[in-house]
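Engineer: Mind having a look at this structure? Questions to follow.
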Amino acid sequence: MAKKAKNSEKNGPRHSGNFSQESGISGNLWLATVVLIGLFVGYLNYQHIYTLFENDKHFSHLADFEREMAYRTEMGLYYSYYKTIITAPSFLEGVQLITRDTVTEHGHEINTLNRFNLYPEVILAFLYRPFRALAKSANWQVETCWQVNRGDLRPVESCEGIGNPHYFYITGVFVVAGTVATSLFYLGVLVSDSIFGGILSVLCFAFNHGEATRVQWTPPLRESFAFPFIIGHIAILTYIIKYRKSSTAHLLLLISAAVPALLFWQFTQFAFFTQICSIFAAFSMDLVPLDTAKTIIKSHLSAFFISFVMLFGNEMMIAALYFPSIWALATVIYISPMLAGIRLRPLYLLILALIFGSITLGLKVGFSKGLGIEDDAHIFDILRSKFTSFANFHTRLYTCSAEFDFIQYATIEKLSSTLLIPLALLSIGAFSWDFLSKTSLLWRTLENEDSEYGEVIYNLVQLICSTTMAVLIMRLKLFMTPHLCITVALLANSKLLGGDKIAKTVRSSVLVGLVAMLAFRGIPNIRHQLNIKGEYSNPDQEMLFDWIQSNTKQDAVFAGTMPVMANVKLTTLRPIVNHPHYEHVGIRDRTLKVYSMFSKKPVAEVHQTMKKMGVNYFIFQLMNCSNDERKPECVYRGMWDEEDPKNSARTSLCDLWILAANSKDNSRIAPFKIVYNPNRNYIVLKI
């Protein structure tokens, strides 16, 4: 098996079709065309994302502090570290500040590079500082500023241009995000052996853009940086499987895409776990040569250890399913030659599946229990809560949010109305008919080693994994929708449309008609996106932050809801005790204590809890104490009734804070004291 794989690489690809043209003038011209189209659609995607972002917030007319407030929840937290590095005396001093951070979780010194996957901010800050210095020395005009009148609010200075730190940051995000379209085009070409297949993939992505990504609304999120590398890694992997590559150069190419993906997002390891499962499926069907499989698994192992070291030994990486699955697949790959004598395919698949599953689960449980790592326990709690009556405070914070709920029917309806799901199902059906007609599901033969479509089987299994993730957690539809677009490209594969039995002109006519149908359904979606017009303004929060900067000490410690705390840290630079990055058992425990301010516990008990954490001020929003008769368990009052039943008969602290704010009487909330209460939104309690 290994010998044949090597020979196939030396002699060139086995597949027929455009992508496998032999080298020569026509082949080089075709390849150059593919590369240029890929770069062009990537640029168009970048411009589209940038336009949507500007339209949504009128970003060009905001002051820098307004832009900071526009980065809600996690976004503000991540951007704050970029701000820390670019405002530090030197780059290295800035990096030291974020690796020995005492502001994010007051009372603890934490390495935020280890905890929050902040390499995008480090890289952008590293590039921004010398760029700004070079622009200044060369007297380049890289920033334009003007005064913006804001009606009843005070005028502000707004600066636009790549020299502005915000513009430099979001431009970096959108340049990376633009490559998603490039990778989808290349993937479409790979699975269809046709440029038209790449065009189909990109058009499906464009026509379903709103269901495929949210980078245009939330640029600083980790997925905005990591997903382009994940889809790029899938494109490289598809190429390697298709052409049975196993050289060192291809190993390094895989590593070069996998490492940034792992460094930029904590969820990448779960995405790569599904990739390991997909590779296992293709390999166990004898569709991936042994040498190619070894190259793939070596790349994953190398990428894991490089990322683990660069993230300062992130414990969650060890305990997640990805690391154990690498060893499980490696075991399967290296012992598969010993099972070559098994010709009955179901028996062969069963043996490999038992090996893969037992090693993965065994190592997962062993690492988690042996090392006492619980950082990813909430993920399994969330999944458990979806299928059982189990629920706790932490799972409700997730599952009560629409993005962590099951996929909505409206999403399926939208993807069906643009014909994405129907065409993807048609593609799968056509491919399955062709594949099953050539492949024996009962017996393994030597000829199976030469079977085509290993890259397609890999991508279809990956689609199944991505769809499963999206169905369980709607936020993860960013994996499903692009893979549906890749699947549609199969319709441009001549082998699935009758091959030589159908004239080329007839196939072309069918594909042109297909594009017309997609455009008829999809262009209104693009127009709808471009017609979204907004303007960011949050005067209440602006007043709050002005008060904090004018009336509290620089080292005053704040607590409150997670979204607000991220902005407090970013804009006022005050220490905080809790934040929105919830993927750590310690911060989940801290947040539970902070949110006891919405419980029915005795005032004195809650005050003591705040004092022990070193909190000086608590920021309270009246909307945090709202009621929801439809889902009472999804508001803080109801959450605490479930979490703390022994105090459920007491008066809610929410009612006490609201009563004190309305009456201007602090006697019922002593030893707390309201020190800021100018409107019906934010209230600040002094501890």
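Yeah, the Cβs are placed from backbone N, Cα and C, and that goes for glycine too.
Pasting the feature list from TrEMBL:
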type	residues	note
TRANSMEM	29-46	transmembrane segment
TRANSMEM	167-187	transmembrane segment
TRANSMEM	224-241	transmembrane segment
TRANSMEM	248-265	transmembrane segment
TRANSMEM	302-335	transmembrane segment
TRANSMEM	347-367	transmembrane segment
TRANSMEM	419-436	transmembrane segment
TRANSMEM	456-474	transmembrane segment
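So that I understand the layout, could you describe where these features sit and how close they are to other parts?
Structural biologist: Note on the transmembrane segment (167-187): residues 34, 37-39, 41-47, 49-50, 53, 59, 79, 82, 120, 124, 127-128, 131, 143, 160-161, 198-199, 201-202, 205-206, 213, 215, 219-220, 224-225, 227-229, 231-232, 234-235, 238-239, 459, 482, 485-486, 489 of its chain, located 6 or more positions outside it, place their CB under 8 angstroms from a CB of the stretch.
Beyond the transmembrane segment (347-367), the same-chain residues lying 6 or more positions past its ends with a Cβ under 8 Å from any Cβ of the stretch are 280, 284-285, 318-321, 323-325, 327-329, 331-332, 335-336, 339, 373, 444.
Same-chain residues lying 6+ beyond the ends of the transmembrane segment (419-436) with a Cβ under 8 Å from its Cβ atoms: 204, 207-208, 412, 453, 456-457, 460, 463, 481, 484-485, 487-491, 493, 495-497, 514, 517-518, 521.
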Engineer: Please figure out which one of 248-265, 302-335, 456-474 racks up the most CB pairs under 8 Å against the transmembrane segment (224-241).
Structural biologist: 248-265
Engineer: What parts of the chain pack near the transmembrane segment (302-335), using Cβ distances under 8 Å and only residues at least 6 beyond its ends?
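Structural biologist: For the transmembrane segment (302-335), the far contacts come to 99, 111, 113-115, 117, 119, 251, 254-255, 258-259, 262-263, 266, 269-270, 272-273, 276-277, 279-280, 283-284, 290, 293-294, 352, 355-357, 359-364, 367-368, 371, 373, 375-376, 583-584.
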